[in-house]
Amino acid sequence: MGNITADNSSMSCTIDHTIHQTLAPVVYVTVLVVGFPANCLSLYFGYLQIKARNELGVYLCNLTVADLFYICSLPFWLQYVLQHDNWSHGDLSCQVCGILLYENIYISVGFLCCISVDRYLAVAHPFRFHQFRTLKAAVGVSVVIWAKELLTSIYFLMHEEVIEDENQHRVCFEHYPIQAWQRAINYYRFLVGFLFPICLLLASYQGILRAVRRSHGTQKSRKDQIQRLVLSTVVIFLACFLPYHVLLLVRSVWEASCDFAKGVFNAYHFSLLLTSFNCVADPVLYCFVSETTHRDLARLRGACLAFLTCSRTGRAREAYPLGAPEASGKSGAQGEEPELLTKLHPAFQTPNSPGSGGFPTGRLA
C-alpha cells in the first residue's frame, strides 16, 4: 500500500498496490525470458532483410531495437515492484526507465503502422509508389518516428517523476490523481500516438485482404494463411494496446479525485502490463511466419551444430557447413510454408523487383 502525493503539496491518495505488485513480477520475468532472445533473433533477421535491400527490414530492426530498449529497463521495474514500489535509484534513472516504458508503446505502434502500410502498398499497388518503398524512405520515416518520441520525452524530463509517500517510499512515474500537465500529453498520445495509427493499420490490412481475395493466382490455402495472419495481428495489436488507451483516456477526462483514482488503479495497471506482451508478439508475428526466416533458422541451426560438433570431433565443418544443402534442402522441401506478408506474389512483381530490383523476391502468399 502506498500513500502517493499527486502534486507534492495539495492532495495525497492511499492506494492498495497489492495486485500490481503480484502480477507485475510475473509479467516482467516472462517478457525478459521470452522477449529478449526472441528480439535478438528478430534483430538478426531484420538485418538479413536489410542486406537483401528489403525496406521491411528497416522497420523490423527499429521495432526490435525499441522492444530491446524497453526489455533492458525491466530489471529496474522488477526491482521496483519487489521493493513494494520503492525506487532505489536516482531521479534521472527513474525518468529514463519511465520514458523507455511509456514511449516504447508509441514507437512500437508507429513501426507496426509503417509495416502494415508498406505491406499494403506492396500487395495492392505493386506498380506504384516505388519511391515510398525504398531503404532510403524507410530510414527517413524511422528518423521521424524516433524524433517525435524523443521530443515528447523531453516534456517528461521537465517534471519531477520521483515523489515520496507517507512510508518514505520513493515512487516513480505515479501521480494520483492525474496532474493537469499530464492530461494534455495523454490526449496527444491517444489521438496521434494510438487512434490515427490504428486507423491506418486497420485500413491497410483491410486493403490487403481485399487485394488477396481478388487475386486469382493465389491458392485458397495461402489466402486463408494471410487472412489468419492479418486477423491475429489486429487482435494482438488491439489486445496489447486498446485497453491501456481506453483507460488512459478515461483517467485523463474524469480522474479528479482520489476515489476515482482508486477505482481505476488495478484496471489501469493491468492494461499497462498487457502492453509489455507486445515485445513478445512482435518477433513472432513479423519474423517467424516468413519462409525466409525458416530458411535462416535452418542455416543458423546448422552453424550452431557445426560449432558444437566441431568442438567434440574436429570434423563438423565438413558435416554441417553453414548454408549446407541439407539445411537449404529442407527449406526447399517446405516450399509451401507461408511467406505471407514479407514477400510478393510473382504476379505482383515488376521487372525492377529483386531478384530484379525494387521489390522483395518470392510470393505474397
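Just so you know, glycine gets a Cβ as well, placed from its N, Cα and C.
Swiss-Prot lists 1-12, 85-89, 161-176, 255-260 with the feature topological domain 'Extracellular', giving experimental evidence as the kind of evidence. For N3, N8, the entry in Swiss-Prot reads N-linked glycosylation site, with the evidence type sequence analysis. Residues or ranges marked as transmembrane segment in Swiss-Prot (evidence: experimental evidence): 13-49, 54-84, 90-125, 134-160, 177-214, 219-254, 261-289. Swiss-Prot lists H17, H20, H84, H169, H269 with the feature site 'Proton sensing'. Under the heading topological domain 'Cytoplasmic', Swiss-Prot lists 50-53, 126-133, 215-218, 290-365, citing experimental evidence as support. Swiss-Prot lists 161-176 with the feature region 'Extracellular loop 2 (ECL2)', giving experimental evidence as the kind of evidence. As annotated by Swiss-Prot, region 'Disordered' applies to 345-365. Under the heading compositional bias 'Gly residues', Swiss-Prot lists 355-365.
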Candidates 13-49, 54-84, 177-214, 219-254, 261-289; stretch with most C-beta pairs under 8 Å toward the transmembrane segment (90-125): 177-214
Protein Cβ atoms within 10 Å of H169 (site 'Proton sensing'), excluding its own: 21
Neighbour-count leader, CB within 10 A, recorded sites: H17, H84: H17
Neighbour tally for H269 (site 'Proton sensing'), based on other Cβ positions within 10 Å of its Cβ: 20
H169 (site 'Proton sensing') versus recorded sites H17, H20, H84 - nearest by Cα: H84
Separation of alpha carbons, H20 (site 'Proton sensing') and H269 (site 'Proton sensing') (Å): 7
Rounded to the nearest Å - Cα separation of H84 (site 'Proton sensing') and H17 (site 'Proton sensing'): 8
DSSP-derived helix, strand and coil totals, residue by residue, for the topological domain 'Extracellular' (161-176): 0 helix, 6 strand, 10 coil
Interface check, the transmembrane segment (13-49) with the transmembrane segment (261-289), three or more C-beta pairs under 8 A: yes
Nonlocal neighbours by CB distance (under 8 Å) for H20 (site 'Proton sensing'), same chain, sequence gap 6 or more: V81, D85, F265, N266, H269
Model confidence over the topological domain 'Extracellular' (85-89), averaged pLDDT: 88
Criterion met for the transmembrane segment (54-84) and the transmembrane segment (261-289) (at least three Cβ pairs under 8 Å): yes
Long-range Cβ neighbours of the topological domain 'Extracellular' (85-89) (under 8 Å; 6 or more residues past either end): 2, 17, 20-21, 76, 79, 162, 169-172, 174
Helix-strand-coil residue split for the topological domain 'Cytoplasmic' (215-218), DSSP-based: 0 helix, 0 strand, 4 coil
